[in-house]
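Engineer: Pasting in a structure now, in structure tokens, and then I'll have a few things to ask.
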Amino acid sequence: MFILGGNTGSLPNTSLSLPNNSPHHHRLSSIPRSRPLLPVLASQAPDSNPEPEPAAAGAKLVPLVISVAVGLAVRFLVPRPAEVSLQAWQLLSIFLSTIAGLVLGPLPVGAWAFLGLTAAVATHTLPFAAAFSAFTNEVIWLIVISFFFARGFVKTGLGDRFATYFVKWLGSSTLGLSYGLTISEACIAPAMPSTTARAGGVFLPIIKSLSLSAESKPNHPSSRKLGSYLVMTQFQAAGSSSALFLTAAAQNLLCLKLAEELGVLITNPWVSWFKAASLPAIVSLLATPYLLYKIFPPETKDTPNAPALAAEKLKRMGPVTKNEWVMVVTMILAVSLWVFGHAIGVSSVVAAMLGLSILLLLGVLDWDDCLNEKSAWDTLAWFAVLVGMAAQLTNLGIVSWMSSCVAKLLQSFSLRLPAAFCVLEACYFLIHYLFASQTGHVGALYSAFLAMHVAAGLPRALSAFALAFNTNLFGALTHYSSGQAAVYFGAGYLELPDVFRVGFVTALVNTLIWGVVASIWWKFLGLY
């Protein structure tokens, strides 16, 4: 994974060679890189430079052994508590083995999750219908459709156009340029629910183009002139943009679904989420560019040419196309239904389905676009497995048993509620150093930690929101902590020590901002 991320930075930026609104621009990622054809006569000559044998396929042996051993140890070596049934204990062992595999990576995430599902069915731990029940989950399908919306933003060039306007308006200085990019991401986030798509499809190409025009090159000492600062700022600020809106990231929707399964119901979720996140997220969002300007400063302070370059790019892009207008109207409709649909009986997933149907009917997207969005189908597979297992663990009493054990432990330390809240939130946050996916972290630990909060007597809605907001904020801790982390680190503008250092410092500052601002704001909202 780390090798792949590093290599991406050395690849030429093919997106610069085609205008973003070109009908072929979105297909670049799906064209396989073929080897050059060898001359026919070469087959008659001895092969003096034989090709290396392909890397061994299949599972990585050491991670495979460790992941399976975790499950076997829990099942056969750890004593089963008397209050836990054999079926529940067996499912827990399979679930922990699945989580260990998600962390260690013996196989791709989707493949390993499928093996975990197969083990649950083959051992008669779960019946087939129960094992596959989460594949009809509304929230998971809402997440899948959100990937298609993100593809529409990239394909039409609408996201690129929107961000370029902010560069034109605010880009005369490096700090202003950073604020322009940060604010533009926050504005499109609710209608483009994929941080990875926003990073790779919209903002990184713009940052690369601006940096190269300022002679700031990737994997080069000149990277610190402009590119490193812009990439790092966009990377660190993305968590606040994602935390601001329920539909700004896939993991947000999953968090509230898991909370609902534990009996924590949020009425009018889109509005409730925005009200809770708005003030601390906006403060954090506005503080991040200035913070990094001080602790990770660019060598170039002024960018007088950036607005002119943005204006020239907008001129080349031409007037807003029909497909862009359709995308705008469709997203306004979808977001409006996400906000007000609760009052008229339209669920979030139905709103998303209506939006996707419009895009398909009017030709903004075609079915091949949906089929080629592999990340959406991969997410459907492994999300459904994790959500299904988590739901069954709850039904079988494992989650309540674990939460009661933790509650007793916290009580033994005589921790007051604020201290218990801080300890649980800090543990949930710092454990992410072991995860390479925000959604994987949610699927593995969100339900358990929320149950611990509830068992400790903490306010239920506040606990659900706090864990969900933290899920967004820890996405910039490391170069592997999220999808956008891999995209930005792979650009070649960031050094690994800087990512860890700045990620940790920014996390501390965000903790301070959310701890102070959110505590006052949530008290005002009546969350506790």
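Each residue, glycine too, has its Cβ placed from N, Cα and C.
All TrEMBL annotations are machine predictions without curation.
Here's the feature list from TrEMBL:
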| type | residues | note |
| --- | --- | --- |
| TRANSMEM | 61-78 | transmembrane segment |
| TRANSMEM | 90-114 | transmembrane segment |
| TRANSMEM | 126-150 | transmembrane segment |
| TRANSMEM | 270-293 | transmembrane segment |
| TRANSMEM | 325-344 | transmembrane segment |
| TRANSMEM | 350-367 | transmembrane segment |
| TRANSMEM | 379-403 | transmembrane segment |
| TRANSMEM | 415-436 | transmembrane segment |
| TRANSMEM | 448-469 | transmembrane segment |
| TRANSMEM | 499-522 | transmembrane segment |
Engineer: Using a threshold of three or more Cβ pairs below 8 Å, and leaving out pairs closer than 6 in sequence, do the transmembrane segment (126-150) and the transmembrane segment (415-436) count as in contact?
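Structural biologist: Counting Cβ pairs under 8 Å, fewer than 3, so no.
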Engineer: Would the transmembrane segment (448-469) count as touching the transmembrane segment (126-150), if touching means at least three Cβ pairs under 8 Å and pairs must be 6 or more apart in sequence?
Structural biologist: no
Engineer: Which stretch from 90-114, 270-293, 350-367, 379-403 shares the most C-beta pairs under 8 Å with the transmembrane segment (126-150)?
Structural biologist: 379-403
Engineer: Looking at the stretches 90-114, 379-403, 499-522, which one shares the most CB pairs under 8 Å with the transmembrane segment (270-293)?
Structural biologist: 499-522
Engineer: Count the CB pairs under 8 A between the transmembrane segment (379-403) and each of 90-114, 325-344, 499-522, then give me the winner.
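Structural biologist: Answer, by Cβ pair count: 90-114.
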